[in-house]
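Engineer: Encoded as structure tokens, here's the structure I'll be asking about.
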Amino acid sequence: MASLSVTYILWLFFGWLGIHHLYLGRRNHAIVWFATLGGGFGIGWLRDLWRIPSYVEWATASGDFQRRYFLRMSLKKYPTCSIFRLLGFFFMGFLAALVFSGVIPNYSEDDWLSNPLYYLICRWCSKLLYVCGAILGVYLVANIGEIRCSLRQPFMGCLFSLPWVFIGNGNVTMAPLLAGLSTRFKGLQWQQVEPVSKDNKTKFIFDITGYCLASITWIFLIFIGLYFNATVVVDDERIPLRLALSNFLKSDVWIRTKDSLYQLYKIYSHAGWKRMYSDAKHLFDLSGEGNAYRLLELSKSASQKEINKQCRLLSRQYHPDRQKDQEEKVKAQEKFIEIQKACNTLSTERSRRAKSSSRSEDKNTRMKSDPFRKRTDL
């Protein structure tokens, strides 16, 4: 049974990925939200704020909801299509068409003179993938919630757009536009309400699998498109991204970096991965110990006695009561608080390190005093 509070929590933290729709069993809705970063770069995500209660009601499919839904179906033979969904047809169809056709490498009219076969293959494959992307994008949006349609109507709309797509440089808006209009006026039907099953694990696993496969495929297509068609600017000259990556992987900087990473892997695979965390903690000063030493003007080799002495000295020096001017008193108070935090940090870290060392010594002592311990553990 879907929960309204859980849905809102998922919407708040993972709404841009469509996870709240996946939770409600709206797989196509979740895929569209993932592909468009929250339904049109966050617009649909904001709209879900007041739409979620109706989504939860559809997912639970209570008896009262089913009666109202069947009444609507009896009064209207075909469902209505909102402006938001119609814009979704065009946007998702256009975006999917661009992503699908982007996997084909760039080609130009010059290729027709040098390699006509390559030019024809790239041109026709790009156009066909563009049309397929438009059909699939419109189909996904048309099968969300209470509305459904078949592939026939978006396919027929794209079929009428072929003259604009293939003639000349091609009109990149006609395929999703005609597919969306054809689906809007001829292809929409009522979605049947599915009864809520107590054991819906199979459907949920199926939805998650479909969502993951669609998301991975989408990301893969985007990366392929960037690899073949993206360019980087170097000294006012555009260089294809695939050529720039190839040159980078052959550069001395990458070779030295790769060797260094391999050496680090060998070191920490031998010394243990906990050692890597410990080294990173000291290197990036995650505990704030290094900053505390700098604030107290002490070296890391200072003893506990020297730390306590410096803490008392600086606390007296920057105590707010020693300042008469109000502005100086405020500055002194801020410095005083920083000093107290630094002293507490050093005290906590040294205490933790001492306890860790004590536990390690006790363990070694027990191991030495019990020569059969290893055999007993086995």
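The first residue you see is number 1, and the count goes up from there.
Each Cβ is built from the backbone N, Cα and C atoms, and glycine gets one as well.
Pasting the feature list from TrEMBL:
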- 358-378: compositional bias 'Basic and acidic residues' (COMPBIAS)
- 291-373: domain 'J' (DOMAIN)
- 346-378: region 'Disordered' (REGION)
- 6-23: transmembrane segment (TRANSMEM)
- 30-46: transmembrane segment (TRANSMEM)
- 83-105: transmembrane segment (TRANSMEM)
- 117-142: transmembrane segment (TRANSMEM)
- 162-183: transmembrane segment (TRANSMEM)
- 204-228: transmembrane segment (TRANSMEM)
Engineer: Over the domain 'J' (291-373), what is the model's mean pLDDT?
Structural biologist: 80
Engineer: Going through 6-23, 30-46, 83-105, 117-142, 162-183 one by one, which has the most CB pairs that fall under 8 Å from the transmembrane segment (204-228)?
Structural biologist: 83-105
Engineer: Using a Cβ distance cut-off of under 8 Å, indicate which of 6-23, 83-105, 117-142 has the most pairs with the transmembrane segment (30-46).
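Structural biologist: Highest pair count goes to 6-23.
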Engineer: By Cβ distance under 8 Å, which residues at least 6 away from the ends of the transmembrane segment (117-142) in the same chain are close to it?
Structural biologist: 28, 31-32, 85, 88-89, 92-101, 103-105, 107, 111, 148-149, 151, 153-155, 157-158, 161-162, 165-166, 170, 172, 175-176, 179-180, 183, 187-188
